Structure formats: structure tokens, C-alpha cells
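Okay, structure first, notes after.
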Amino acid sequence: MLSRSRCVSRAFSRSLSAFQKGNCPLGRRSLPGVSLCQGPGYPDSRKMVINNSSVFSVRFFQTTAVCKNDVITVQTPAFAESVTEGDVRWEKAVGDAVAEDEVVCEIETDKTSVQVPSPANGIIEALLVPDGGKVEGGTPLFTLRKTGAAPAKAKPAEAPATAYKAAPEAPAAPPPPVAPVPTQMPPVPSPSQPPSSKPVSAIKPTAAPPLAEAGAAKGLRSEHREKMNRMRQRIAQRLKEAQNTCAMLTTFNEVDMSNIQEMRARHKDAFLKKHNLKLGFMSAFVKASAFALQEQPVVNAVIDDATKEVVYRDYIDISVAVATPRGLVVPVIRNVETMNYADIERTINELGEKARKNELAIEDMDGGTFTISNGGVFGSLFGTPIINPPQSAILGMHGIFDRPVAVGGKVEVRPMMYVALTYDHRLIDGREAVTFLRKIKAAVEDPRVLLLDL
């Protein structure tokens with residue numbers, strides 16, 4: 001009796017294990033006949049068959065891994081030290097299914113926008129911050145229920161196949177009967193009576209339709225309001241602070257672009273073939289600015305108003321202004337003094353592409369010791385840029401236009417560009433500013449100055 005009980009238990013465990021290993025749907029299954037064989041160590045045990053009449057029925061439940069149904073809370077990512085808070089703009093709503101790394105919301109800070117992706121596949125259960133609400137680093141944003149599988153993409157509905165039966169061909173219509181040939185001339189029609197006319201005195205003038213009001217013809221005059229985004233608010237605040245803090249002064253000069261245009265036209269194909277980059281004018285001005293900043297380090301310095309000290313930087317990080325739909329951003333090219341033209345062009349292209357795609361990180365815009373703004377790409381002729389604090393100067397580039405200039409006692413038409421240097425007159429004197437701008441002019445007009453370190 002003991003051996004039979006053990007064999008039954010062993011066989012039942014094996015059957016149950018086999019059922020559990022199979023990925024069976026929810027249901028009820030009955031064990032078929034279970035054969036119990038004589039096992040070793042039990043010589044007295046006999047073979048026994050348990051029929052289906054014996055109730056060995058097991059109900060199976062399909063289970064899911066615990067991690068698939070976990071509810072997690074996603075928090076605001078940490079910001080840079082110079083950023084304390086941001087505004088939330090939701091891309092998804094409650095109940096939306098999201099895939100891993102799919103953007104759920106965007107946090108707009110003073111300098112850039114930070115995208116918050118979903119950490120896993122799941123369904124959004126709750127939004128913990130309203131749209132447009134302010135959040136700090138580590139603030140809970142939303143809760144997500146993991147599903148373990150990416151949401152299936154909706155397939156386009158297929159048009160139902162309709163069986164069309166060929167319509168039976170209609171019998172051919174009989175030919176029309178032949179019209180009889182006329183044997184007599186048709187009668188000549190008599191002229192009709194002219195229509196009766198009214199006398200002029202009987203005609204009464206009709207009133208002209210009233211003229212439409214002048215206001216209705218021009219349309220309604222309306223206006224609407226939009227909330228300033230955080231980046232625009234920060235730009236306005238910083239520029240006003242710069243005006244209130246710095247004693248800004250602007251000096252001008254003009255640059256003959258003939259040599260740099262000739263150099264670009266001669267070497268642009270070889271430059272593109274070797275570096276896979278287009279050779280532009282921006283790299284020439286960035287390189288010339290680094291050369292001039294090394295000659296005039298005070299332009300690369302800044303006043304620390306808290307300690308009343310002048311901070312001289314031994315490195316050159318140049319901010320390049322880039323216009324985006326959200327506003328003006330200034331990504332930084334670091335250690336420009338160690339770069340060549342190809343390195344500068346590559347960095348400008350990478351930062352510009354990230355700015356247009358709104359993928360700039362805060363670290364890409366932190367720092368900067370000098371700024372270059374190129375209004376010439378929009379056709380600017382002249383302008384005075386505003387200092388980007390905490391810097392002490394900014395260079396403004398403008399459009400290239402053919403103008404008559406005196407060259408060797410003769411009038412020639414040359415491609416000319418106006419350049420402007422706005423600087424903090426509290427730190428930089430006029431002599432240093434003019435010398436700095438002339439260094440840039442010399443390096444751009446004749447790039448050999450950079451090679452010879454003149």
C-alpha cells in the first residue's frame with residue numbers, strides 16, 4: 001500500500017510538471033489513465049492503472065512575470081547646476097501605450113529642452129504634473145504600468161475582397177431604320193412679329209444696392225496672446241541684465257573677403273573630399289577670433305562683481321549663436337586655440353544639427369568666454385550685438401556685399417563685410433577693442449597671418 005501511494009504521487013507529480021511546462025491556456029484538464037510501474041526497491045508493488053473515472057482534474061492559470069505588471073514612478077531627471085526648474089509639456093496622455101525610450105514629455109528649461117523617455121514598455125496610468133506645470137530635479141512626473149511588450153502598431157485596414165461576377169453581355173441593339181428620302185421642299189417659315197417694347201416713360205429706375213460698410217470689407221481686426229516660453233523669458237532676462245550691468249560700447253570695421261573667398265573656392269573640393277565637410281566662412285572667423293583673443297587676453301576675461309576681481313581665462317571657449325524656432329541658443333566650441341579649420345567646421349556642424357533637432361544638452365551651452373553672432377546669413381548689413389553674460393565681448397558678423405573701395409589709389413569693387421565688436425567698457429578700453437578687431441580683420445583678409453603668427 002505504501003509503494004502504490006508513492007508511485008501514484010510520483011506519477012501525478014510528473015503529469016502536473018508536464019502540464020506546467022506546457023504553455024497551456026486557462027482551462028480544466030483531466031488526467032488520462034496513469035500507468036504505475038513497479039519501481040526499484042519495491043518488489044512487492046504491483047502494476048496498477050488509474051482510469052479516467054478517477055478524478056485527477058487540474059485547473060491551470062496563465063501567470064505573468066511580476067515585473068510585467070509593476071507600476072513604476074518616473075521622476076524628473078537631474079538638471080545642470082545652473083538650472084533649477086523647468087516647465088512640463090506632455091506628449092502623451094493617460095491610457096496611452098508607450099514603447100521603451102519613447103518620449104513621454106518635454107521639460108523646457110532656461111537654456112534647452114530636456115526630453116523624458118519611457119523607461120520600459122507600458123501604459124501611462126497617471127500624470128502627476130499638469131501640462132505647463134513647474135518641476136524641479138527629482139520631482140515625480142508620471143506612473144507607468146509595465147506590460148513587457150511594445151504596443152502593436154495599427155495596421156491599415158484592408159479593403160474587403162468583393163467577388164464581382166461578370167455581367168452578361170447585353171444583346172446588340174438593332175440598327176436604326178433608314179430615314180425616308182424627302183420628295184418635296186419644306187415650307188418656308190413666315191417671319192415672327194417683333195416683340196412689343198415699352199415706352200421710356202414707363203420704365204421706373206431701380207434703387208442701387210446699399211454699399212457694404214468699410215469695416216466689413218477689410219475684415220475684423222483681432223489679436224491673440226501666447227505665453228512666453230521659458231527659454232524666451234530667460235533670454236529677455238539675461239539680455240536686460242547685461243544692459244543694466246555692462247557699460248556696452250561697439251566699435252566697427254570692415255573686412256575685405258576677396259582672399260578668403262578665393263581660398264575657399266580653390267580648396268573646397270579637396271577639403272570636402274578629405275574631411276567630408278564643407279568649408280565655410282564661420283571657421284575662418286572662429287580661428288581668427290581665437291588668434292586675436294590670445295593677443296588681447298583682456299577681451300577673454302570677465303569681471304567678478306562679487307569679489308571685484310578680473311578673471312583671466314587661459315582657455316578659449318567660443319560660443320556660436322544659432323537661431324532656432326524656440327529662440328537663440330549659443331552652443332560652445334571648447335579649446336578653439338588647439339583646433340584647425342576641419343575641427344572647427346566639424347564641431348559647428350554637429351552643434352548646429354543638434355540645435356535644429358532640439359537635442360542640445362545643457363552641457364553644450366555652459367561656459368563660453370567669447371561669442372560670435374552671424375547675422376549675415378539673414379542678409380544683415382549692419383548691427384550692434386549685445387554681450388552674452390558672463391562674457392565681456394561679442395563679435396557681430398554681417399552680410400557680404402560688393403562695394404567700391406579704394407585699392408592702391410584705384411577704385412575697385414570688392415566683396416566687403418562689416419564687423420562689429422561690442423565690449424564691456426568697464427574692463428576693455430577702446431585701444432584694446434580696436435586692436436582686437438584689427439587682428440581679426442588681418443587674419444581673415446590674409447590667412448597666412450595665422451601660419452606665420454604675425
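In case you wondered, yes, glycine gets a Cβ from its N, Cα and C as well.
Note that the structure is predicted; figures quoted are calculated from it, not measured.
If you look up Swiss-Prot, you'll see 1-68 marked as transit peptide, on the strength of experimental evidence.
Applying DSSP to the domain 'Lipoyl-binding' (71-145) sorts its residues as follows: 0 helix, 39 strand, 36 coil. According to Swiss-Prot, the feature domain 'Lipoyl-binding' maps to 71-145, an assignment based on sequence analysis.
Positions annotated as phosphoserine by Swiss-Prot, on the basis of similarity to another entry: Ser82.
Look at Swiss-Prot and you will find Lys111 tagged as N6-lipoyllysine, backed by sequence analysis.
Annotation comment: Swiss-Prot describes 148-227 as region 'Disordered'.
Per Swiss-Prot, compositional bias 'Low complexity' is recorded for 149-170 (among others).
Here Swiss-Prot flags Lys155 (among others) as N6-acetyllysine, drawing on similarity to another entry.
Summarising the annotation, Swiss-Prot assigns compositional bias 'Pro residues' to 171-197.
Taken from Swiss-Prot, the feature compositional bias 'Low complexity' applies to 198-217 (among others).
Annotation source Swiss-Prot lists N6-acetyllysine at Lys268 (among others). DSSP assigns Lys268 (N6-acetyllysine) to a helical segment in the three-state reduction.
Residues within less than 8 Å, Cβ to Cβ, of Lys273 (N6-acetyllysine) and separated from it by at least 6 positions along the same chain comprise none. If you look up Swiss-Prot, you'll see Lys273 (among others) marked as N6-acetyllysine, on the strength of similarity to another entry.
The DSSP secondary structure for Lys274 (N6-acetyllysine) is helix. Swiss-Prot lists Lys274 (among others) with the feature N6-acetyllysine, giving similarity to another entry as the kind of evidence.
Long-range Cβ proximity for Lys278 (N6-acetyllysine), meaning a same-chain Cβ under 8 A and a gap of 6 or more residues, is found for Lys268, Phe271, Leu272, Glu345. Marked as N6-acetyllysine by Swiss-Prot on the basis of similarity to another entry: Lys278 (among others).
What Swiss-Prot records for Lys308 (among others) is N6-acetyllysine. According to its DSSP assignment, Lys308 (N6-acetyllysine) is coil.
Look at Swiss-Prot and you will find His425 (among others) tagged as active site. Under DSSP, His425 (active site) is assigned to coil, being neither helix nor strand in the three-state scheme.
Residues annotated as active site in Swiss-Prot, with similarity to another entry given as evidence: Asp429 (among others). Around Asp429 (active site), no same-chain residue at least 6 positions away in sequence has a Cβ under 8 Å from its Cβ.
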In sequence order, which residues at least six apart in the same chain have a CB under 8 Å from the CB of Lys274 (N6-acetyllysine)?
Ala342
In whole Å, how far is His425 (active site) from Lys308 (N6-acetyllysine) when you measure between their Cα atoms?
15
Restricting attention to the domain 'Lipoyl-binding' (71-145), give the mean pLDDT.
83
Fewest Cβ neighbours within 10 Å, where candidates are the recorded positions Lys268, Lys308, His425
Lys308
